[in-house]
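Now, the feature entries from TrEMBL:
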- Asp352: active site (ACT_SITE)
- His93, His95, Asp184, Asp352: Zn(2+) 1 binding site (BINDING)
- His95, Leu96, Arg97, Asn127, Asn325, His356, Phe370, Gly371: substrate binding site (BINDING)
- Asp184, His211, His264: Zn(2+) 2 binding site (BINDING)
- 84-267: domain 'Dihydroorotase catalytic' (DOMAIN)
- 385-468: domain 'Amidohydrolase 3' (DOMAIN)
Amino acid sequence: MRGPENPGIVIECGARPLGSGRTQRLFSWAQSPALLIRGGRVVDPSQGLDQTADLLVIDGRVAGIGTELAAPHGTAVFDARDLVVAPGLVDVHVHLRDPGFPEKETLETGAVAAATGGFTAICCMPNTEPPLDTPERVADVITRSRGLPVRVYPIGAISRGRQGLELADLGGMAEAGAIGFSDDGDSTRDSRVMRAALAWSARSGRPIMAHCEDRALAAGGVMHEGAVSRELGLPGIPAAAEEIILLRDLELARLTGGWLHVLHLTTARGRRLVRAAKLEGVRVTAEVMPHHLLLTDEWVAGRRRFVGEDRVFTGPCPDPHAKVNPPLRTEADARDLLAGLRDGTIDIIATDHAPHSERDKPDDLTRAAFGMIGLELALPLMLRLVARGELSLPELIDVLSTRPAALFGLPGGTLRPGSPADVVVFDPEATWQVERATLASRSCNTPLLGMELHGQAVLTMVDGKVVYVDTDAVAWRAGP
Ligand SMILES: NC(=O)N[C@@H](CC(=O)O)C(=O)O
Ligand SMILES: [Zn+2]
Ligand SMILES: [Zn+2]
């Protein structure tokens, strides 16, 4: 990035070309101690801010927001006209497959995908091999995450070996740095173990993050049980499989006073259960995934239509990439979840980034793994709701950054002067094609493959360091 606007910025090319088309590269930027991000639409819900302004970063911290900031001599300038400048996105639910499945993702490739998607902090789930169920394994992830482009926070397992039968050493793992606990991928099988985990949560204040699924009811199912599963003749997973365990866990949270964080909520009835529990004073928070807001079970049948939109794109039928747990549900569920997000019943957006190799996604749905990637798709998917006026841009940044950071006590989520400069600059309109070559994640399992999306991060900064920059966009901006 050299040009009239940006004198003196040095880019050290640890570049990693990601393929044809847009050349997206990861840079380690020889640091200029001061950077002025000029003229963008600065959106920071933590300060009720939405205005065109400059953002000044000095020595890793936000130094100020305004129009006539006194920038020190030699300050590098990034031209952010027509771009949005916001606190970096925060994702409390990703699967990095590390240790155990480097062919799907690693801490490093996952962190690069996060930076590319505009995320500055991510929390990784413990369903690794071996699972993160001891203080040593939690500490190992923290040690190996040092120096990665984004902040990585491990989530420890609730139960030993994720078997759901014996409580793991939650205290030890918390001391080692686990930010929360989950048996994600499965529900914690033994209700007494779940009770003990939530009782521990009541004492420690740490979240218990629940994957709600009745094992026996869901067994064998590959998609939402309903009209489309019947049409395709595929075994279904009824909404009740989710709601039954959700209700159990809500009742256990009520009983213990512990903090239940409901992972990937997908049903309208589930939303009502969470809402009722909240009104009754149960300590519960909930997240919803962009794919459950915008995609439906129709996608499994290759009828790719975004919720609330008319156009139908044809995809493979059945599409193994649309197999995810919990499953893509109906349009009515998706609309209800959006209402829940808007009224605060659902607190945050997370991605459930769940990379799988091509081998794990055969065309035969009964053999395909559950999961889809999300880190690079969350922003463009959610921006559809903004484009349609169903969510404002400040509301979007609130649920993707400010709230998750505040809720889980993570850095970021704010551009308040003095805070660490975790920033995303994105182009809400940039058009790009979802292809293996345009994705930084090691896996490309998403039903959006081949589709055109709008909205993309242009620059991601963590702790004042530029960890991702879209060179094409920047070159275009800075001139020849
Ligand atoms: N969401 C998924 O479909 N899969 C996740 C597990 C999970 O989040 O339950 C995975 O680890 O692959
Ligand atoms: Zn899960
Ligand atoms: Zn998950």
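Just so it is clear, glycine is given a Cβ too, placed from its N, Cα and C backbone atoms.
Feature map: annotations from TrEMBL on the structure.
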residue : record                 : CB count, 10 Å
His93   : Zn(2+) 1 binding site  : 28
His95   : Zn(2+) 1 binding site  : 25
Leu96   : substrate binding site : 29
Arg97   : substrate binding site : 27
Asn127  : substrate binding site : 21
His211  : Zn(2+) 2 binding site  : 24
Asp352  : active site            : 27
His356  : substrate binding site : 25
Phe370  : substrate binding site : 18
Gly371  : substrate binding site : 23
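For His264 (Zn(2+) 2 binding site), applying a Cβ distance below 8 Å and a minimum sequence separation of six or more within one chain yields His93, His211, Glu287, Val288, Met289, His292, Pro326, Ala350, Asp352. Within 10 Å of the Cβ of Asn325 (substrate binding site) there are 23 other Cβ atoms, across all protein chains. Of the chain residues outside the Zn(2+) 1 site list His93, His95, Asp184, Asp352, Val94, Met125, Gly185, Leu263, His264, Ala350, Thr351, His353, Ala354 have their Cβ within 8 Å of the site's Cβ mean position. Secondary structure from DSSP puts His93 (Zn(2+) 1 binding site) in a beta strand. Excluding Asp184, His211, His264, which define the Zn(2+) 2 site, the same chain contributes His93, Met125, Ser182, Gly185, Met209, Ala210, Cys212, Glu213, Leu263, Asn325, Pro326, Asp352 within 8 Å (Cβ to the Cβ centroid), listed in sequence order. Each residue contributes its Cα atom, and for His356 (substrate binding site) and Asp184 (Zn(2+) 1 binding site) these two points are 16 Å apart. Mean pLDDT of the predicted structure over the domain 'Amidohydrolase 3' (385-468): 97. Contacts of Asp184 (Zn(2+) 1 binding site) defined by a Cβ separation under 8 A and a same-chain sequence distance of 6+ are given as His93, His95, Met125, Pro126, Asn127, Ile155, Met209, His211, Leu263, in order along the sequence.
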